[in-house]
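For reference, Swiss-Prot has these:
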| type | residues | note |
| --- | --- | --- |
| BINDING | Asn172, Glu238 | Mn(2+) binding site |
| BINDING | Ile175, Tyr176, Arg177, Arg189, Trp190, Leu191, Arg194, Gly195 | prenylated FMN binding site |
| ACT_SITE | Asp287 | active site, proton donor |
Amino acid sequence: MKYHDLRDFISLLEQRGELKRIKQEIDPDLEMTEIADRTLRAGGPALLFENPKGYSMPVLCNLFGTPDRVALGMGQEDVKALRDVGKLLAFLKEPEPPRGFRDFFDKMPQWKQVLNMPTKRLRNAPCQQQIWQGDDVDLTRIPVMKCWPGDAAPLVTWGLTVTRGPSKERQNLGIYRQQVIGKNKLIMRWLSHRGGALDFQEWCQQHPGERFPVSVALGADPATILGAVTPVPDTLSEYAFAGLLRGTKTEVVKCVSNDLEVPASAEIVLEGYIEPGEVAPEGPYGDHTGYYNEVDDFPVFTVTHITQRRDAIYHSTYTGRPPDEPAVLGVALNEVFVPILQKQFPEIVDFYLPPEGCSYRLAVVTIKKQYAGHAKRVMMGVWSFLRQFMYTKFVIVCDDDVNARDWNDVIWAITTRMDPARDTVLVENTPIDYLDFASPVSGLGSKMGMDATNKWPGETQREWGTPIRKDPAVVARIDAIWDELGILSDTPAR
């Protein structure tokens, strides 16, 4: 399933009844968030606000408001098919040579997909149909949403920030929120470990005092947007991965004012620079934790050019206590993570990041346990294998007879198979999400691993309990006569 641009995807969603056009005048200040939040919690459609109060530019919200829409954006029909995306990423992360002639042909589809990885550079692009520069640059023309009553200012949320380190061949795409503080200025809130911040740090070391080029694309095609939030290998660019998802090369164009390349079909592109040493206090903002975060200084992004499509659409979202759009993305991307982890740890049966745990702060892993201490190895592996789990505070490891996605099962395993002193692992002074105000130091805190597996010799000296199992023959006999018994008329035979 191929979408050339965001508008193709909008058209498909509308055909499927997955997009609602809102013709009434709605204020980007708080009102859009209220409508989007109610719609998302009800599993409703994407929303296109055609008449934002005080603006002529429509606003697109809740684009990825259900896991199935995330899957559609990745070119798949349902969430389960995202396991195939994960298998492709696992293959790209650690490709293996064919083990024989048959294996060569089995892997041929994966190798053919690699042909779509290089970008296609255009000279003329839709995203540059209109160009604003100098005094004409005015961010207040864009209907940037203010999401929560205590937010400091309107906030750009879905911008794909494009950077390149001075010694890197490939660009980095990252999504960092940006507070509007003037007609041509935003605050770039990127954390120190993120790709954009690392590129900036390297730039400042090699080009002290020089301006760092930055571009931000808004309203790219869904494959490019989702490529920026997917755990692609460090050696693979987000544009290359988007080409794999789309099945066609990602079309890019050189920016008007710098050498960065942006998605050619993007609705809006902000071009400019960060002046080393220029910072401003960012926040507070309501975020995905359900709280307002503290104020801190971040670099100022000065916009020198705005390029856009004719009749541009502004793509936006809000973040708050789950469920929100990032939590929905987390549910879908969970399926991508599983094959990647299984490639490194074949003993993993399932891996689950509950959305109520902010989609990354708590993980439940089920394994085919093979030896004493196995659960602890898996805990350490989860924390260290992918940088996406650097901020996962709690890892619960269970046996494969437990459903990782059923809290009844998980709580049963914790309360019957764990001794708190023996089976709890605490690791101090580890990287923690900057937004986690529960940590004693900003960005540094502890992690907890919980071994809720059955204990093997060497882990306990006691006789271990045997789970109760029903007799299958008895269950089958009662199933056959259950309806005749008429005990619970609405309850079918199991």
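Even glycines carry a Cβ here, placed using N, Cα and C.
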Any further residue of that chain within 8 Å (Cβ to the Cβ centroid of Ile175, Tyr176, Arg177, Arg189, Trp190, Leu191, Arg194, Gly195) of the recorded prenylated FMN site: Thr161, Gly174, Met188, Gly196, Ala197
Close in space, distant in sequence - Trp190 (prenylated FMN binding site), Cβ under 8 Å, 6 or more apart: Thr161, Gly174, Tyr176, Gly196, Ala197, Phe200, Phe298, Pro299
Which recorded positions sit within 10 Å of Gly195 (prenylated FMN binding site) - Cα, from Asn172, Glu238, Asp287: Asn172
In the chain carrying Arg177 (prenylated FMN binding site), residues 6 or more apart in sequence that have Cβ under 8 angstroms from it: Leu155, Val156, Thr157, Arg189, Tyr285
Rounded to the nearest Å - Cα separation of Glu238 (Mn(2+) binding site) and Arg194 (prenylated FMN binding site): 14
Distance, Ile175 (prenylated FMN binding site) to Asp287 (active site, proton donor) (CA atoms, angstrom): 14
Residues that sit under 8 angstroms from Asn172 (Mn(2+) binding site) by C-beta distance, when 6+ apart in the chain: Val162, Thr163, Arg164, Gly165, Gly195, Gly196, Leu198, Asp199, Glu238
Candidate with the highest Cβ count within 10 Å, taken from the binding-site residues Arg189, Arg194: Arg189
Tertiary neighbours of Ile175 (prenylated FMN binding site) (same chain, Cβ under 8 Å, six or more apart): Trp158, Gly159, Leu160, Thr161, Ala228, Val229
For Gly195 (prenylated FMN binding site), the number of other Cβ atoms found within 10 Å of its own Cβ: 21
Assigned conformation of Glu238 (Mn(2+) binding site) - DSSP reduced to three states: helix
